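Beneath this line is the structure, given in structure tokens, with notes to follow.
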């Protein structure tokens with residue numbers, strides 16, 4: 001292949017590198033240019049060294065952009081990187097499971113986006129990231145992936161998802177001729193939108209997301225700087241007098257702070273979760289989100305290994321649920337949980353949505369409670385964590401809040417809460433072993449429900465401790481194929497149910513098709 | 001926990017001897033190390049609490065050795081079961097904590113027979129089964145059994161299911 005066929009990324013890649021560089025060296029910049037003493041030698045040499053570092057990094061960024069080239073072929077994408085040491089990587093498009101795009105706000109005016117193709121492979125070459133490509137180019141690549149997948153899906157697992165005759169007709173057109181054109185029609189005609197958050201949802205979400213806590217570090221910095229500016233120097237006594245004298249001022253400041261915090265929280269939530277859209281066609285689920293920076297994510301339904309429904313105590317109170325799709329993709333580099341459907345779905349809507357999006361999945365509301373024996377086992381388990389903490393405290397006898405005996409109360413409170421949590425976990429645990437499904441709900445104050453298909457479970461285990469044997473209960477475990485593998489376990493279900501679980505898993509061989 | 005899916009094959013009875021020997025060796029080494037640390041602690045005047053802990057360890061270690069050399073091997077042997085058919089490999093083992101694992105053949109990625117010096121002395125092999133999620137061992141099988149099992153698993157595991 002010659003260089004003329006290979007394309008470079010959009011030059012905005014350099015801007016993206018610069019921004020991530022600034023983000024990465026934020027602490028150093030703040031220290032060198034704002035905090036450190038201007039006259040000190042450390043600051044002097046540090047600044048020069050940093051300037052040199054900036055120049056080298058900048059050259060490196062340009063070289064990186066210059067040397068990174070990609071080429072899209074019919075069935076694969078080819079990438080070569082490296083200035084001195086060339087590294088090239090070719091990924092068959094058929095193996096691509098998920099397509100993600102992310103458009104930071106500074107990319108938007110130029111209609112440029114960052115595209116990631118994720119395969120099921122487990123090594124470091126598992127995904128391809130094109131940090132800056134034109135939107136049309138990204139769409140072209142995405143469409144090519146989608147059409148290829150459809151082609152092979154039709155040949156291989158046509159029975160897995162019912163295909164309408166109309167769609168079949170269009171697919172044959174895809175196969176025969178103008179691929180992208182036919183695809184566009186197929187896509188637009190079939191993609192249905194399932195969820196867009198209402199204003200009420202967003203208001204609830206903004207109070208819940210606790211995002212206004214992000215204000216605290218900013219305010220702390222301002223106060224810190226204010227100290228320098230106004231040269232506040234007060235004794236402890238003066239502070240007391242000040243507080244006593246000016247409680248109106250302080251009250252106003254607190255109220256003002258709360259108003260700003262809530263306002264900040266609402267704005268942030270509206271920007272982050274406002275333009276949210278969950279859509280699907282018979283092959284894939286598409287999630288779009290973000291107002292200033294946009295992100296999109298698409299995943300093949302077949303590659304969804306399971307579903308997780310998470311609730312924290314506040315979400316329970318407001319009847320909201322976070323729905324996560326368990327798949328081979330992990331969170332992206334920025335730690336954003338990209339595979340979350342929506343963190344604040346109304347609980348009753350969540351169940352319906354799952355069934356709409358994944359026709360193979362069912363969410364059953366009525367699940368089995370744990371037997372009484374489970375409670376006895378949970379209470380009889382040896383409280384190791386508590387014992388270790390007690391041991392350490394006994395050794396140390398730390399003085400807390402000025403009292404020498406506070407640690408005894410800490411030990412007592414810990415013991416009570418340990419057992420309270422156990423009782424709560426017993427009360428909230430639910431399980432259901434259904435036709436082709438298993439549903440496990442665990443947790444005390446926080447709760448997590450995991451739902452998966454038998455077909456997607458790659459290994460099971462039943463474990464019984466000595467104590468569990470005496471009370472006729474057992475622990476069941478499932479393993480799902482993700483990267484790394486996803487383990488789930490449910491403690492203290494009746495032995496009969498654990499036997500049923502083993503039988504249930506053996507029925508798996510009737511469901512699968514072998515090559 | 002009885003059912004038709006219960007694994008029934010047993011590992012070689014020689015396993016008891018193998019485990020006795022290997023546990024004896026590790027325990028003796030362990031006790032020597034603790035003893036050496038204790039000597040160093042007293043000689044170089046370490047913190048008192050470190051020395052206390054070492055004395056406790058030195059006291060407990062022989063008791064633990066009695067368990068791991070005289071009782072544990074025969075109990076482990078007593079409860080070890082494995083089984084396979086065309087579709088699944090099943091393992092069941094454990095003295096206090098009993099585990100029952102079911103692995104579909106189509107999810108097995110490799111299988112190997114391994115032998116350390118002690119196993120070689122008794123002409124035994126350990127079968128290691130690697131799946132996507134984890135790896136499992138069937139310890140101490142006779143050479144004949146081990147190779148047969150390995151070949152059978154390898155044969156069935158060749159079949160891959162449609163994802």
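Including glycine, each Cβ sits where the backbone N, Cα and C put it.
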Between A:375-396, A:441-462, A:463-484, I'd like to know which one TrEMBL lists as transmembrane segment.
A:375-396
Which range of A:161-182, A:183-204, A:205-226 is transmembrane segment in TrEMBL? It is A:205-226
Of the ranges A:246-266, A:267-287, A:288-308, A:309-329, the one TrEMBL annotates as transmembrane segment is A:246-266
Matching A:342-361, A:402-421 to TrEMBL annotations, transmembrane segment lands on A:402-421
Using a cut-off of under 8 Å between C-beta atoms, tell me which stretch among A:48-66, A:246-266, A:375-396, A:402-421 contacts the transmembrane segment (A:12-36) the most.
A:48-66
Cβ contacts under 8 Å made by the transmembrane segment (A:402-421) with residues that lie 6+ beyond its boundaries:
379, 383, 385-386, 389-390, 393-394, 396, 444-445
Per-residue pLDDT averaged over the domain 'YdbS-like PH' (A:65-144), given as an integer:
83
